[in-house]
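Enquirer: Once you've had a glance at the structure underneath, I'll fire off some questions.
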Amino acid sequence: MARPKIALIGAGQIGGTLAHLAAIKELGDVVLFDIAEGTPQGKALDIAESGPVEGFDAALRGTNDYADIAGADVCIVTAGVPRKPGMSRDDLLGINLKVMKSVGEGIKAHAPDAFVICITNPLDAMVWALQQYSGLPAGKVVGMAGVLDAARFRHFLSLEFDVSMKDVTAFVLGGHGDTMVPLTRYSTVAGIPLPDLVEMGWTTQDKLDAIVQRTRDGGAEIVGLLKTGSAFYAPAASAIEMAEAYLKDQKRLLPCAAWVDGALGLNGIYVGVPTIIGAGGIERVVDINLRKDEQEMFDKSVDAVKGLVEACKGIDPALA
Ligand code: APR
């Protein structure tokens with residue numbers, strides 16, 4: 001049986017890291033696409049040359065021609081520009097919306113059966129636009145945000161508690177921006193919810209609040225340190241987890257920016273919610289209960305996403 005085909009649209013910092021991870025994990029053959037000539041070809045060749053040392057079986061190629069993504073099983077989209085220090089993700093809206101148009105049309109023409117994972121920011125609005133421009137079923141177009149935000153939260157919690165990151169689970173819902181909603185009640189150390197750990201004296205409410213805020217600012221913290229560009233290792237790892245769930249029909253329960261129409265009191269919006277990813281794409285949106293305070297935070301985040309979507313419609317009336 002032929003290996004799955006993974007098309008990476010955008011061969012920058014995240015795209016290159018995605019290609020490396022996909023090859024090392026032997027998820028399939030990789031095609032790196034970018035408008036920059038030489039970049040995808042150079043990265044593909046460099047990673048392929050690590051194959052004999054790493055011992056993986058995967059073919060890698062770089063291209064500037066959308067025709068080469070034909071028949072891709074998975075497309076992961078990072079095309080666009082990242083933010084600079086002082087910029088919010090929302091500042092990227094106008095420029096990256098144009099990029100989503102060309103990427104959506106490329107996927108529609110050459111890989112209409114793919115499971116599409118969008119990483120380009122501002123995430124919730126860009127994944128919506130990508131679905132609109134590509135015309136693919138909403139259940140096959142999803143945004144990567146919650147897995148990354150939860151991974152940041154899990155990392156900070158593991159440092160605070162001095163326990164393995166493997167034993168820390170976390171849930172971050174809502175939009176991938178300043179209003180994201182890290183849910184402490186649904187985050188645990190081996191099943192013990194964070195509020196219980198506060199009661200047990202493992203941490204204080206103040207420290208937990210500070211960790212929640214550091215999670216919300218997690219992307220900006222990296223941008224501030226790097227000074228050029230934004231995070232790429234953890235975003236790439238997070239999208240690979242989602243791609244693997246699809247390719248291996250794992251039925252993983254992962255927080256993702258998915259199309260929600262009915263669940264969580266929402267009708268028709270892309271926003272971070274718990275989802276099940278399997279061979280059918282987004283097979284289910286998990287309709288969890290939120291307490292009043294959690295619901296208020298979630299509603300605020302949903303409103304922020306709605307504002308970005310309206311801004312997109314203002315820029316391109318074809319989306320309205
Ligand atoms: N089509 C294809 N590729 C494009 C296009 C386009 N229309 N426009 C830009 N690109 C490519 C650039 O040539 C570059 O190689 O997208 C790549 C982006 O790579 P980086 O600048 O290194 O950005 P990266 O760190 O990978 O982040 C990409 O993901 O997390 C988000 O905010 C981040 O929106 C940004 C995206």
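All residue numbers here begin at 1 and follow the chain in the order shown.
Including glycine, each Cβ sits where the backbone N, Cα and C put it.
Caution: TrEMBL annotation is automatic and unverified by curators.
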Enquirer: Which single residue out of ASN64, ASN96, ASN121 does TrEMBL record at the substrate site shared with ARG83, ARG89, ARG152?
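Expert: Matched candidate out of ASN64, ASN96, ASN121, per TrEMBL for substrate with ARG83, ARG89, ARG152: ASN121.
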Enquirer: Rank the binding-site residues GLY10, GLY12 by the number of other Cβ atoms within 10 Å of each Cβ and report the first-ranked residue.
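Expert: Of GLY10, GLY12, the one with the most crowded Cβ is GLY10.
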Enquirer: Note down the number of other Cβ atoms within 10 Å of the Cβ of ILE119 (NAD(+) binding site), including every protein chain shown.
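Expert: If we count other Cβ atoms within 10 Å of ILE119 (NAD(+) binding site), we arrive at 27.
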Enquirer: Measuring CA to CA, name the entry from the recorded positions GLY12, ASP34, ILE119, ASN121, HIS176 that ends up nearest ARG89 (substrate binding site).
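Expert: So, of the listed recorded positions, the one sitting closest to ARG89 (substrate binding site) is ASN121.
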Enquirer: Distance between ASP34 (NAD(+) binding site) and HIS176 (active site, proton acceptor) at the Cα atoms, whole Å?
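Expert: With distance taken Cα to Cα, HIS176 (active site, proton acceptor) is 25 Å from ASP34 (NAD(+) binding site).
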Enquirer: Over all pairs in ARG83, ARG89, ASN121, ARG152, the listed substrate binding residues, work out the largest Cα-Cα distance in Å.
Expert: 19
